[in-house]
Amino acid sequence: MPLAVVTASHSPLMHTVAPRGDAQTAVDSAFAQARAFAAEFRPDLVVVIAPDHYNGMFYDLMPPFCVGTAAEAVGDYGTAQGPLAVDREAARHVVREVLAAGVDLAMSERMVVDHGFAQPLELLFGGIDAVPTVPVFINSVAVPFGPVCRTRLLGEALGRALLALERRVLLVGSGGLSHDPPLPTLDGAPPEVAARLIAGRHPTPGERAGREARVRDAGLAVVAGEPGPRLNPAWDRAFLDLLAEGRLKATDTWTNAWITAEAGNSAHEVRTWLACYAALAAAGPYDMRSSFYRPIPEWIAGFGITTAEPRRNS
Ligand SMILES: O=C(O)/C=C/c1cccc(O)c1O
Ligand SMILES: [Fe+2]
């Protein structure tokens, strides 16, 4: 059983905004289940596929896909700052093999990542440097995007490259599902915001705190009873069904405009899930072992967690 998958939504508000009802307990127990799944699988390599939110990748050079052969986390929203334990040889192998398969992707010897990578590494393994990692960035925030089928093809090529390693590889997809946090867009941005989106590296502590406070306030406003952000539980559940049933090619007909209209600007983060499942499918039929879903407006997220592994012979 060389490949397995865990996918999980992330939200920087998870540790600062208390959702109403039993959402926190439900998410905690779904993460405990995912942790147990990962521990039982005993990966010797973890491939984290995640987006960025204008902390590491900017419009001065925005790649659709990028593999880090070395990577450092910025430490946003209370996540850890510092280097990831990147398995450089495995990362270079992935770059070579995916390019050879005809899928263009960038490589970075100094990839900078944010909570999109750090949060699942912390929640599943206890730290950003706890396991040998290959970080794979998929642009899911900075429009324009390529067609969704490019992400599926990236996942397939990645899966084949990982199978060739003959190691126990856990793919972790981070992000999604339907959600629309208050992130700026380049089109129509005032000059100072545009400058930040084009090359906003190394913000001052005050700038970072201001940005995080704006997002936290959006979550706190929901707790206070203001109308929640746009989530689409029906869309989210349909996506989870599609993954569970292995109908990955059905996403080839999805347009980017449709994803945005149905599920919000940041719903493109589901590309990370699609890439994970396409990679797993490269090993043959698979079974989703667990699937958790809750719309959690306080965290500005349709929040999902899944685990999957190759089908066992019956
Ligand atoms: O402010 C950010 O960088 C991102 C916030 C956010 C909020 C909710 C769900 C997500 O996936 C996010 O990245
Ligand atoms: Fe995100």
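Every residue gets a Cβ built from N, Cα and C, even glycine.
According to TrEMBL:
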type	residues	note
ACT_SITE	His115	active site, proton donor
ACT_SITE	His179	active site, proton acceptor
Assigned element (helix, strand, coil) containing the residue listed as 'active site, proton donor', judged by DSSP: helix
Residue pair the residue listed as 'active site, proton acceptor', His115 (active site, proton donor) - Cα distance, angstrom, rounded: 16
Three-state secondary structure, the residue listed as 'active site, proton acceptor' (per DSSP): coil
